[in-house]
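**Student:** Okay, these came from Swiss-Prot:
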TRANSMEM  13-33  transmembrane segment
TRANSMEM  39-59  transmembrane segment
TRANSMEM  131-151  transmembrane segment
TRANSMEM  166-186  transmembrane segment
TRANSMEM  209-229  transmembrane segment
TRANSMEM  243-265  transmembrane segment
TRANSMEM  275-295  transmembrane segment
TRANSMEM  304-324  transmembrane segment
TRANSMEM  339-359  transmembrane segment
TRANSMEM  382-402  transmembrane segment
TRANSMEM  412-432  transmembrane segment
TRANSMEM  463-483  transmembrane segment
Amino acid sequence: MFDNFVVPNLLPAAPEIFLATMALAILMIDLLVKDSRRTVTFVLTQLTLIGCAAIQFATSTGEITYTFSNMFVDDLMSDLLKLFLYMTVVIVMFYSRGYVIDRESMNKGEYYVLALFATLGMMVMISANHFLTIYIGLELLSLSLYAMVAMNRDSVVSTEAAMKYFVLGALASGLLLYGMSMIYGATGTLEITGIAERLYGGGVNKSVLVFGLVFLVAGLAFKLGVVPFHMWIPDVYQGAPTSVTLFIGSAPKLAAFAIVIRLLVNGLITLAADWQAMLVILSVLSMAIGNLAAIAQTNLKRMLAYSAISHMGFMLLGIVTGVVGGDARYALNAYSSSMFYVISYVLMSAGTFGMILMMSRAGFEAEELDDYKGLNKRSPWFAGIMLMLMFSMAGVPFFIGFFAKFSVLQAVVAAGPGYMWLAIVAVLFSLIGAFYYLRVVKLMYFDAPADETPLSAPMDMRILISANGLAVALLGIFPQVIMSLCAYALLRSL
């Protein structure tokens, strides 16, 4: 029975194995340790993530390595995205600490364990080379997030948001699975590299493939939160506890980018003309509806939700312009610009939601725009940090957000005259988007505060928020640090 069994190479998946083991151990330890502040659970969670980063460094070979019967791949792209993922989740956990302690219904060990399992799901997605691996990682992430959104059981809004997220998430998973089944029916394989080989070989029913591709792109669009599959984003961002909104609004974007590259670029590049046409529509609609709807919002979390939709639409421009008329010479430049954009957005989003968490306290959620009136009078330093984050999101020179937009736009322009209209549309909607970011700056600096008490926050929170804001500014001066990392990782992975 076991004559043909081959022991897989476990080394490429060592960080995933370590994280899964530690998540289960932390769950058991949390039951045994009596600690109302969950300090032990928090510290173990952070050490686990740092341990994952150390293992990732130690086991990285820089080569493309397949294991588990080619279902799992380890390459430089996955290494880089996972390292940014660990860093993001560590920051998210630090930002969330005070908020979670102040809310009894959330101050449980399960919060940290669910965050670890969600991280594990993202790690699996980033390294997936098989439809089933993608689906397993996606469901592990989604189920963890559904539970995290519903953790504040005292809030009807949170419960409602969790239900909407669950129902629409199940629908998206169904679309993705149906698309995968159609592509499997046409190619006879579930392996992403195997699908690419079959398509290059020819003799595949293209009508079935394109039909499957439509469902696949719809499922991916939901996970990215782009129009018209964005319905869940505003309600979930606003309804979820702010610490969970921070988690949803940052780390999963890295995993979503990875599966777009794995599925569309690694697997279905021969169908580029078909999926590019779909992504152009999704991108333009997302930039239009995201930016225009954000203007009307009075709730900062909801405004940032529509902002996220527009940012993901902008990111898709880089994916769209990778292959032009069958010519892939611009692919590395285009895809690395999108990767840089996603990493920049995650950094900016983490800092912005971190500011909301710092201003929130027990019984008070600092999520209305009016809560930021006169912040400069209450805390000039943190008003300055928020200003840098808003300027960066708006794409004001010389912050990281500006260079993220600039790198994508130059990739679009380099693709040729046929794409020039896309660059013009992107610039126009970026200018419209600048309005609602600058409105926050106006409220902080030119309106009178309703509450003039100085802003108080723990020292570790103050240091981390300050570092986050300064990173947005410094990486705007030296963007080539991350740009070159993205380009090199994709050069060695595609």
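If you go along the chain as it appears here, the first residue is 1 and each next one adds 1.
Even glycines carry a Cβ here, placed using N, Cα and C.
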**Student:** Report, as numbers and ranges, every residue of the chain located at least six residues beyond the transmembrane segment (412-432) whose Cβ falls under 8 Å of a Cβ in that stretch; write 'none' if there are none.
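**Tutor:** Counting only partners 6 or more residues beyond its ends, the transmembrane segment (412-432) has Cβ contacts under 8 Å with 280, 283-284, 287-288, 291-292, 295, 310, 314, 317-318, 320-321, 324, 330, 333-334, 394-395, 405.
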**Student:** Out of 13-33, 243-265, 339-359, 463-483, which stretch touches the transmembrane segment (382-402) the most, going by CB pairs under 8 Å?
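**Tutor:** It is 463-483 that shares the most Cβ pairs under 8 Å with the transmembrane segment (382-402).
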**Student:** I need to check the long-range neighbours of the transmembrane segment (339-359): which residues 6 or more away from its ends have a CB within less than 8 Å of a CB in the stretch?
**Tutor:** 77, 81, 84, 88, 91-92, 95-96, 98-99, 242-243, 245-246, 249-251, 253-254, 257, 300-301, 304, 308, 311, 314-315, 318, 366-367, 371-372, 382, 385-386, 389-390, 392-393, 400-401, 403-405, 407-408, 455, 457, 461-462, 464-465, 468-469, 471-472, 475, 479, 482-483, 486, 489-490
